[in-house]
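Worksheet: one structure, shown below.
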Amino acid sequence: MQKAKVTTIVSHVVGWAIFLCLPMLFLSQQRTSADILQLLSQPSYWLFSLSYIILFYAHTYWLFTRFFARKKYMAYSLSVLLLLVLFVLLRPFDRLVTQDRGELRQPPIASMPGPPAPRAAPMPRPGPPPMPPRQRVHFDVTSIFLFCMLIAMGLAIQTVQRLRESEKRALVAETDKAKAELSFLKAQINPHFLFNTLNNIYSLAVTESEHTAGAIMKLSNIMRYVTDEVTAEFVPLESEVACIKDFIDLQRLRVSKFVEVAYAEEGDLSRRQVPPMVLMTFVENVFKYGISNHEPATINIKLKAEDHQIYFFCRNKLFKTRRQVVSTGVGLANTRQRLMHLYPGRHELLILEDAGFFTVELTLQT
């Protein structure tokens, strides 16, 4: 912010320095330093300079904001018209040119004696008195041109500044909207996940399974991860994987012997980060729709980390009773939106239903 203010001040100073040097460059040729100093001491030069400086700032930062920005176009037009009439009457550039030609270019008085006076010419015969020269109305085109130029510059500066402010406000609003959407999506994911997990442990408790205590401990780990980590934008990949493994162990206790679960990971998972629950959502979806109590099923889950890329793969068999709802769950839809917000142009999500299988492939560029 401070840098922008300094840049604006410097640009104004440089711009006015160039503008105020224009009379020195174009009024007279072969001007000496004494002539320039004499020009700077003339009232007409300061009338020229101050009139345009006052015009620029009065129009740009007062008339524009007071009338034009508030859509009071009639008052703005009348104000500019009155200023134009004032400049036509003042003729700042014409006064400067007239004084420059009349005073700065007067020949110096010679110190040496001049030539002898010529002989007296004979008196002319008396005739009618000469007619006085007709005074022509001079129109100061240059002053009007400079007037219009400064008015246009003021309009351009204010327009560009307001466009930038509008873009900045839109960007802030979009960022706030994205944050609000992410918070809402996370709030949807957590109850959805915990509800399914509690159902699994309830099934173990009803059957008085010896694995109930271990399952409760794993659920405790999962809930600790959900409550402590899910509010962050990114978490260590190792934490996400630990949650996935605990969840798979809980599911293995619940599913029948006809379900085969294969999990594999490859590469260095340390020093990598992912959004919380982003992979867990797909794993949960696999167990929700990819198992059956009456038919054999196979679940494959793979995770690979290499260079600056994380690759996730999962596949499960589709059953006729669940095929219509497998790809329309809240969890998958929310995960799509989170990935769009957090990895714009840096992720690839492929979801396929083909040959009786449901496949998810996710690639994240980290």
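Every residue gets a Cβ built from N, Cα and C, even glycine.
TrEMBL does not curate its annotations; it predicts them automatically.
For 7-26 (among others), the entry in TrEMBL reads transmembrane segment.
The transmembrane segment annotation in TrEMBL covers 46-64 (among others).
Within its own chain, the transmembrane segment (73-93) is flanked in space by residues 44, 47-48, 51-52, 55, 59, 63-64, 67, 138, 140, 142-144, 146-147, 151, which lie at least six positions past its ends and keep a Cβ under 8 Å from the stretch. The transmembrane segment annotation in TrEMBL covers 73-93 (among others).
The region 'Disordered' feature in TrEMBL is assigned to 105-132.
What TrEMBL records for 113-132 is compositional bias 'Pro residues'.
The list of residues near the transmembrane segment (141-160) in space but at least 6 beyond its ends in sequence, with Cβ under 8 angstroms from a Cβ of it, reads 52, 55-56, 59-60, 64-65, 68-69, 80, 83-84, 87-88, 90-94. The feature transmembrane segment is assigned by TrEMBL to 141-160 (among others).
Under the heading domain 'Signal transduction histidine kinase internal region', TrEMBL lists 180-256.
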(request) Taking helix as H, G and I and strand as E and B in DSSP, count the residues of the domain 'Signal transduction histidine kinase internal region' (180-256) in helix, strand and coil. (result) 63 helix, 2 strand, 12 coil
(message) For the domain 'Signal transduction histidine kinase internal region' (180-256), report the average pLDDT of the model, please.
(response) 79
